[in-house]
Amino acid sequence: MAMQKIFAREILDSRGNPTVEVDLHTAKGRFRAAVPSGASTGIYEALELRDGDKSRYLGKGVLKAVEHINKTLGPALLEKKLSVVDQEKVDKFMIELDGTENKSKFGANAILGVSLAVCKAGAAEKGVPLYRHIADLAGNPDLVLPVPAFNVINGGSHAGNKLAMQEFMILPVGASSFKEAMRIGAEVYHHLKGVIKAKYGKDATNVGDEGGFAPNILENNEALELLKTAIQAAGYPDKVVIGMDVAASEFYRNGKYDLDFKSPDDPARHISGEKLGELYKSFIKNYPVVSIEDPFDQDDWATWTSFLSGVDIQIVGDDLTVTNPKRIAQAVEKKACNCLLLKVNQIGSVTESIQACKLAQSNGWGVMVSHRSGETEDTFIADLVVGLCTGQIKTGAPCRSERLAKYNQLMRIEEALGDKAVFAGRKFRNPKAK
């Protein structure tokens, strides 16, 4: 079925920054998609095109990207008369029309907006749910509901506290369904609020960009201690484990790491990658930490490799791999990590996101689907994670509607699948393992 009209507009994301929204019309109706945006971005990500006009939105407008869709990409696609079910052909056409390595001509935010809308239209054209259409595109006969990784304590570039590490997450792996995982996550979250309020006062329960709390603590193990206490208080020590996103590239300084990077710089306190690795090993030993994302800088390959060989938990590449097949291949070859963080806007199209996922999975890696800190009410990634059978998703705390939009959509999907619903649970790293 051909596209009839493609129209893009500038909307606001959850941080009050502009982003791109696309409406695509076919005979079946209107299909709308909005593009997310990150705060801590890897230097190898596809280019997010911003206007740079300081008199509008402090330079963060996206009118150029919107215009590229309305004046160039849209008309070219309509003229080409491609079918919305041919996701790969549509994406390939846009990528070739852009012609740059990192989508810098039109902007990854322009190309992705159209790509997401096409995917939604393709599902409607086939008369199947979006998650089923995505599973078909990926060649997956199965569907799996993911374990949610709730980011309940925020630090790093997401919060105004002194905490260096960016995210402390809870994963209810012992739940029997996604719906139960949501309940357990929400209950631990509420207990955590009480624990933080009692220890640090009411101000400490203000939430960060992703709905997690941002108490003004400096020591990272203090955050882990708070989680441990809340998990115990909620009564789930056997069902909930911990994940972290360190985002270490944010505090990498001249070959070393600064765990107090929000204070005035003092090279005397910078530590080596090896020393930082020892700290992580102490976390793994003392807390139920099962996953660490971006433990080192995006170009500190040697430290990644030596660390991975000495631990048996999930080590996730985000800034390291940026959902990019070339970076993933490099990480596989160097044995740098064993899980890919999948963010659709890092690579900039649905087809390339699926390819990145398949590449990681074919090399025995886990895959975790992820939101960005600047989100919208769009729920595409909820369907994506089910269709790609990755078994794990992180899309914030059970707080703030742009986060809950995804979690609630996952509950609806589980309900629609009925007794065919499979929840990843403790097999979140490899949900297809029998």
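Note: Cβ is positioned from N, Cα and C throughout, glycine not excepted.
Here's what Swiss-Prot has on this protein:
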MOD_RES   A2  N-acetylalanine
MOD_RES   T72  phosphothreonine
MOD_RES   S83  phosphoserine
MOD_RES   S157  phosphoserine
BINDING   H158, E167, E293, D318, S370, H371, R372, S373, K394  substrate binding site
MOD_RES   S176  phosphoserine
MOD_RES   T205  phosphothreonine
ACT_SITE  E210  active site, proton donor
MOD_RES   T229  phosphothreonine
MOD_RES   Y236  phosphotyrosine
BINDING   D245, E293, D318  Mg(2+) binding site
MOD_RES   S263  phosphoserine
ACT_SITE  K343  active site, proton acceptor
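Taking the Cβ of T72 (phosphothreonine) as reference, residues of its chain lying under 8 Å away and at least six apart in sequence are, in sequence order, L97, F106.
Between the C-alpha atoms of S176 (phosphoserine) and S157 (phosphoserine), the distance comes to 34 Å.
The number of other Cβ atoms within 10 Å of the Cβ belonging to R372 (substrate binding site), over all protein chains shown, comes to 27.
Among the recorded positions S83, S157, E210, T229, no residue is found with its Cα located within 10 Å of the Cα of S370 (substrate binding site).
Rounded to a whole number, the C-alpha distance linking T205 (phosphothreonine) with H158 (substrate binding site) is 15 angstrom.
Within its own chain, E293 (substrate binding site) has E167, G243, M244, D245, V246, A247, I315, V316, G317, D318, L341, M368 as residues 6 or more apart in sequence whose C-beta sits under 8 angstroms from its own. Among the modified residues listed (A2, S157, Y236, S263), A2 has its Cα nearest to the Cα of S83 (phosphoserine). Neighbour list (the residue listed as 'active site, proton acceptor', Cβ cut-off 8 Å, at least 6 residues apart, same chain): P36, G38, D318, V322, T323, S370, H371, R372.
The Cβ of K394 (substrate binding site) has 28 other Cβ atoms within 10 Å, all protein chains considered. On a Cα basis, T229 (phosphothreonine) lies 10 Å away from Y236 (phosphotyrosine).
Taking the C-alpha atom of A2 (N-acetylalanine) as reference, the shortest distance to any of the recorded positions H158, E210, K394 belongs to K394. If you compare Cα positions, E210 (active site, proton donor) sits closest to H158 out of the recorded positions S157, H158, T229, S263, K394. Annotated pair S263 (phosphoserine) and T229 (phosphothreonine), C-alpha to C-alpha distance, rounded: 28 Å.
Straight-line distance linking the Cα atoms of S157 (phosphoserine) and K394 (substrate binding site), rounded to a whole number, equals 17 Å.
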